[in-house]
Amino acid sequence: MWFRSLAVSACTVGVLGALSQKFAPTALFHSAIRKSSLVEQSDMKVELLPALTDNYMYLLIDEETKEAAIVDPVEPQKVVDAVKKHGVKLKTVLTTHHHWDHAGGNEKLVKLMPGLTVYGGDDRVGALTQKVTHYNTFKVGSLNVKCLFTPCHTSGHICYFVTKENSTEAPAVFTGDTLFVAGCGKFFEGTADEMYKALIEVLGRLPPETRVYCGHEYTINNLKFARHVEPNNEVIRTKLAWAKEKYDNGEPTIPSTVAEEFTFNPFMRVREKSVLEHAGTSDPIEAMRSIRKEKDGFRVPKN
């Protein structure tokens with residue numbers, strides 16, 4: 001795998017709107033220049049398309065058939081432009097959840113590109129044509145897509161796990177606002193028990209090499225909180241220094257891998273002694289509840 005900077009796009013500041021502002025923590029990239037990136041494998045390509053202030057859309061391309069899917073296309077024109085640039089056939093929309101900053105472009109995109117199948121796990125998803133639930137499967141070209149039901153951030157949240165039969169390349173998972181690099185989404189419509197199941201029992205059981213493509217660029221702030229939870233974790237400090245360098249270059253910190261998340265993400269590490277001690281409990285689910293509540297009120301330090 002390698003990354004190639006493709007284009008520079010300015011953050012769309014002020015477009016997010018009141019609804020999406022409610023759902024997002026303080027953005028790190030309000031006025032920064034952010035680059036899209038292309039992750040290339042022999043079986044699939046994934047183009048990271050920055051959107052709004054800190055969102056990511058993902059153009060998933062099957063290399064065998066040149067069929068494509070778009071994940072959370074909140075800025076439809078950027079999607080249309082990327083599809084034309086790659087010369088692929090866009091047939092599918094993968095919606096992780098109904099919040100405006102993820103599903104808010106669906107209606108416009110289906111007008112710009114008629115005939116799209118729009119997948120999602122919630123009737124609140126705009127332009128929905130195919131409602132899915134846990135372990136539903138379908139194809140994007142020759143790629144296999146498995147739906148993973150991960151309720152908590154919203155009650156209908158779906159992550160999409162993508163593999164290619166007989167491929168030696170790493171799988172991909174598009175996690176929306178369930179799993180971030182070094183973090184997880186707020187529990188707007190769920191409980192600590194549900195997030196524990198989503199992170200540990202569902203996403204955490206994917207192959208460790210699985211590449212994690214999340215919904216937002218929150219990595220630096222997440223790692224600063226992780227450092228607060230585990231001040232002696234050198235992996236966190238190293239990852240934070242790396243993320244700051246990426247930020248300074250306007251580059252994404254995505255993807256991570258499932259294996260990596262278990263080394264620096266406090267919400268994936270709720271069974272670790274250091275995290276349990278920080279939370280003052282021996283119960284991982286109570287630790288999940290405690291550190292999520294703590295992070296909701298966490299004042300991010302400058303350094």
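Note: Cβ is positioned from N, Cα and C throughout, glycine not excepted.
Taken straight from Swiss-Prot:
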type	residues	note
BINDING	HIS97, HIS99, HIS153, ASP177	Zn(2+) 1 binding site
BINDING	ASP101, HIS102, ASP177, HIS216	Zn(2+) 2 binding site
BINDING	LYS186, PHE187, PHE188, HIS216, GLU217, TYR218, ARG292, LYS293, GLU294, LYS295	substrate binding site
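Everything Swiss-Prot records as a feature, shown here on the structure.
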residue: HIS97; record: Zn(2+) 1 binding site; contacts (Cβ under 8 Å, 6+ apart): ALA103, GLY120, GLY121, ASP122, VAL125, HIS153, THR154, GLY156, HIS157, ILE158, GLY176, ASP177
residue: ARG292; record: substrate binding site; contacts (Cβ under 8 Å, 6+ apart): CYS184, LYS186, PHE187, ALA192, MET195, PHE267
residue: GLU294; record: substrate binding site; contacts (Cβ under 8 Å, 6+ apart): none
*Assigned element (helix, strand, coil) containing ASP177 (Zn(2+) 1 binding site), judged by DSSP*: coil
_Please give me the CB contact count at 10 A for HIS102 (Zn(2+) 2 binding site), counting all chains in the structure._
31
*asked:* With the substrate site defined by the record as LYS186, PHE187, PHE188, HIS216, GLU217, TYR218, ARG292, LYS293, GLU294, LYS295, how many Å span the farthest pair of C-alpha atoms?
replied: 21
_Nearest of the binding-site residues (HIS99, ASP101, HIS102) to PHE188 (substrate binding site), judged by Cα-Cα distance_ = HIS99
*asked:* Under DSSP, is HIS99 (Zn(2+) 1 binding site) part of a helix or a strand, or is it coil?
replied: coil
*How many other Cβ atoms are found within 10 Å of the Cβ atom of PHE188 (substrate binding site), counting all protein chains shown?*
15
*Report, in whole Å, the straight Cα-to-Cα distance of GLU217 (substrate binding site) from ASP101 (Zn(2+) 2 binding site).*
13
